[in-house]
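Here the structure comes first, spelled out in structure tokens, and everything after it is commentary.
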Amino acid sequence: MAASVSASCLNRLSSLAVVLVALASAASAQLSSTFYDRSCPNALSTIRSGVNSAVRQEPRVGASLLRLHFHDCFVRGCDASLLLNDTSGEQSQGPNLTLNPRGFVVVNSIKAQVESVCPGIVSCADILAVAARDGVVALGGPSWTVLLGRRDSTASFAGQTSDLPPPTSSLGQLLSAYNKKNLNPTDMVALSGAHTIGQAQCSSFNDHIYNDTNINSAFAASLRANCPRAGSTALAPLDTTTPNAFDNAYYTNLLSQKGLLHSDQELFNSGSTDSTVRSFASSTSAFNSAFATAMVKMGNLSPQTGTQGQIRRSCWKVNS
């Protein structure tokens, strides 16, 4: 009898999972690269201009925008919930406390520019998705087609930021976190390549440089010189070779055990993803292609479409 009940529960859970995947797929199917062609034909050029201007002034903006998009999408989908200034919302949670404010400032500025051209038409979620792509391109990385038509969430979801894998994650934990979002191991390794730009605080990698053995000794020593064991908010580039260029140096660094975060080096540590890291390290085009594919998949995670949510007039607050 117990076995029968258990089987029944499993069948119901399986059916629910199928329904949820189907709903997510249906929402993604409503996205289109031409969504604003008639309603706001200058939307994409306005976003691109804003991103390029910001990156020229501060190259790290590209990494900030990319990280915002990732952190937004991994919590209940790409709905701009992360952008809401809610004191008890997503921004207040541990995984998001190190997000640089400049990313939010740039998105809010671009939103204001888009609103001046097409008021009430273009969502913050779409602006962030496009800005992340344009930031990568501005730093020499690949481009990809961003599907559009996302709407903005009316709430922030602090309780689900645990979906974001921490920098202390093992390979198994990384694979599990990405699999939960229907992203495969190749997607995971490719998206981790976003760490070819940007910086991290010492507190994010102190355990790695003081306690791990799978790290180049000279590299660890150089980092310890600026990062006391007790931790600090000092910064180090995620890619020490070409920190402001979107390239495949992140992977060549991993081959030399120069991954800044524990989770970075886990990708090349005698595990199942070693061969993918070698492939990306030896071929920029292979990395660029896989990264673009993975970004499209991630950008299509559980969007709000149709009459769901709203088109916020300001990205930092819901419409009154």
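Every residue, even glycine, has its Cβ placed from backbone N, Cα and C.
Annotated pyrrolidone carboxylic acid per Swiss-Prot: Q30, in sequence order, evidence recorded as sequence analysis. In the three-state DSSP classification, Q30 (pyrrolidone carboxylic acid) falls within coil. Counting Cβ atoms from all protein chains shown, Q30 (pyrrolidone carboxylic acid) has 15 others lying within 10 Å of its own Cβ.
Summarising the annotation, Swiss-Prot assigns disulfide bond to C40-C118 (among others). There are 19 other Cβ atoms within 10 Å of the Cβ belonging to C40 (disulfide bond).
What Swiss-Prot records for D72, V75, G77, D79, S81 is Ca(2+) 1 binding site. Cβ contacts within 10 Å of D79 (Ca(2+) 1 binding site), excluding its own Cβ and spanning all protein chains shown: 30.
Its Cβ taken as reference, C73 (disulfide bond) is surrounded by 26 other Cβ atoms within 10 Å in the chains shown. Secondary structure from DSSP puts C73 (disulfide bond) in a helix. If you look up Swiss-Prot, you'll see C73-C78 (among others) marked as disulfide bond.
Listed in sequence order, Q91, W316, K317 are the same-chain residues at least 6 apart in sequence whose CB falls under 8 Å from the CB of N85 (N-linked glycosylation site). DSSP assigns N85 (N-linked glycosylation site) to coil in the three-state reduction, placing it in neither a helix nor a strand. Look at Swiss-Prot and you will find N85 (among others) tagged as N-linked glycosylation site, backed by sequence analysis.
The N-linked glycosylation site annotation in Swiss-Prot covers N96 (among others), and the record cites sequence analysis as its basis. Sequence-distant neighbours of N96 (N-linked glycosylation site): residues of the same chain at least 6 apart with a C-beta under 8 Å from its C-beta are H71, L82, E90, T161, L164. Under the three-state DSSP scheme, N96 (N-linked glycosylation site) falls in the helix class.
Residues or ranges marked as disulfide bond by Swiss-Prot: C124-C315 (among others). Every protein chain considered, the tally of other Cβ atoms within 10 Å of the Cβ of C124 (disulfide bond) stands at 30.
The Ca(2+) 2 binding site annotation in Swiss-Prot covers T196, D239, T242, D247 and is backed by sequence analysis. For D239 (Ca(2+) 2 binding site), the count of additional Cβ atoms within 10 Å of its Cβ stands at 27 [all protein chains shown]. DSSP classifies D239 (Ca(2+) 2 binding site) as coil under the three-state reduction.
Under the heading disulfide bond, Swiss-Prot lists C202-C227 (among others). Residues near C202 (disulfide bond) in space but far in sequence (CB under 8 A, at least 6 apart, same chain), listed by position: L223, N226, C227, P228, G231, S232, T233, A234, L235, A236. In the three-state DSSP scheme, C202 (disulfide bond) is classed as helix.
Look at Swiss-Prot and you will find N211 (among others) tagged as N-linked glycosylation site, backed by sequence analysis. Here the Cβ of N211 (N-linked glycosylation site) has 10 other Cβ atoms within 10 Å, regardless of which shown protein chain they belong to.
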Just give me the nearest neighbour of C78 (disulfide bond) among the binding-site residues D72, T196, D239, T242, Cα to Cα.
D72
I need the CA-to-CA distance for C40 (disulfide bond) versus V75 (Ca(2+) 1 binding site), whole Å please.
28
Any same-chain residues 6+ apart from T196 (Ca(2+) 2 binding site) with CB under 8 Å of its CB? Would you list them in sequence order, or say none?
L238, D239, T242, A245, F246, D247, N248, A249, Y250
What other residues of this chain sit with their CB within 8 A of the center of the CB atoms of T196, D239, T242, D247, the recorded Ca(2+) 2 site?
I197, T241, P243, A245, F246, N248, A249, Y250
Candidates D72, D247: member of the binding-site residues with the richest Cβ shell (10 Å):
D72
If I take the alpha carbons of N211 (N-linked glycosylation site) and D72 (Ca(2+) 1 binding site), what is the distance between them in whole Å?
31
C124 (disulfide bond): nearby binding-site residues from D72, V75, G77, Cα cut-off 10 Å:
none
